Amino acid sequence: MSFLDLLELDFVQTALIAAAVLGLVAGVLGPLVVTRKMAFAVHGTSELAFTGGAAALLLGIGIGYGALAGSIIAAVLLGVLSRRESDRDSVIGAILAFGLGMGILMLALYKGRASNKFGLLTGQIVGVDSTDLKLLVISSIAVLVVMAFIYRPLFFASVDPDVAVSRGIPVRTLSVVFAVLVGVATALSVQVVGALLVLALMITPAAAAMRLTASPLRATVLSVVFAELAAVGGILLSLVPALPVSALVTAVSFVIYLVCRAVSWRRSRSA
């Protein structure tokens, strides 16, 4: 079957739409995640998303719903338990270990197809059906709408939280809301790259973009472009050789990051 024939398949088109939506959400959130130094938090949240997905698999309900519930619980726990910045890493580490342990236990109890178990860890976007896509699109729209309302005060609070507090901005509330949004985006990303490789969409494109510009707007635009290239490009590259989508998504994302680092280094040398 040729590349063009593969593009005409319904499940491939659904996967490409899902990847494009995820690239948009991850690209928008990514720069703020990097600015707020939440990369480890994203990883911890992905493990609770994995646990929720494993529980859903065990109970026979949609994996997307379980992953979404698990990631939101993780986000709320992070927001409530890590009130002091000095506590954040230890809280994330505890949640990460608990989530991974419970997820492994639930997968051990699940007696269904092994591919379903493996898909939770490494992604299974070709298994996304119309119901999953509907959940993904609705959740993504909700995340983007909330971000549109809170972006300016959230960015201010991310850059200088002390001054933001003195100006009456509800920094604590914004942090919890943003953590929930990141949790939702993380749960959605699990469908593409799996719980183990979520950082490839949530962090790497944003980190690459911020190597090229200090402007928040430009960084966000570049982050979206890079996330789209990684998500959609990874799927397209995987079609003919029939390679794992998640591996190629992460590979494309990392190559983009390396190129951006090289460009940044060249600029600093010539300055």
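Note that Cβ sites are derived from N, Cα and C of the backbone, with glycine treated the same way.
Heads up, TrEMBL stuff is auto-annotated, nobody curated it.
Quick look at what TrEMBL lists:
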type	residues	note
TRANSMEM	12-34	transmembrane segment
TRANSMEM	55-79	transmembrane segment
TRANSMEM	91-112	transmembrane segment
TRANSMEM	133-154	transmembrane segment
TRANSMEM	174-203	transmembrane segment
TRANSMEM	215-236	transmembrane segment
TRANSMEM	242-260	transmembrane segment
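The largest share of C-beta pairs under 8 angstroms with the transmembrane segment (133-154) comes from 12-34, of the ranges 12-34, 55-79, 91-112, 215-236, 242-260.
Among 12-34, 55-79, 91-112, 174-203, 215-236, 215-236 has the largest number of CB pairs under 8 A with the transmembrane segment (242-260). Across the candidate stretches 12-34, 55-79, 91-112, the maximum count of CB pairs under 8 A to the transmembrane segment (174-203) is reached by 55-79.
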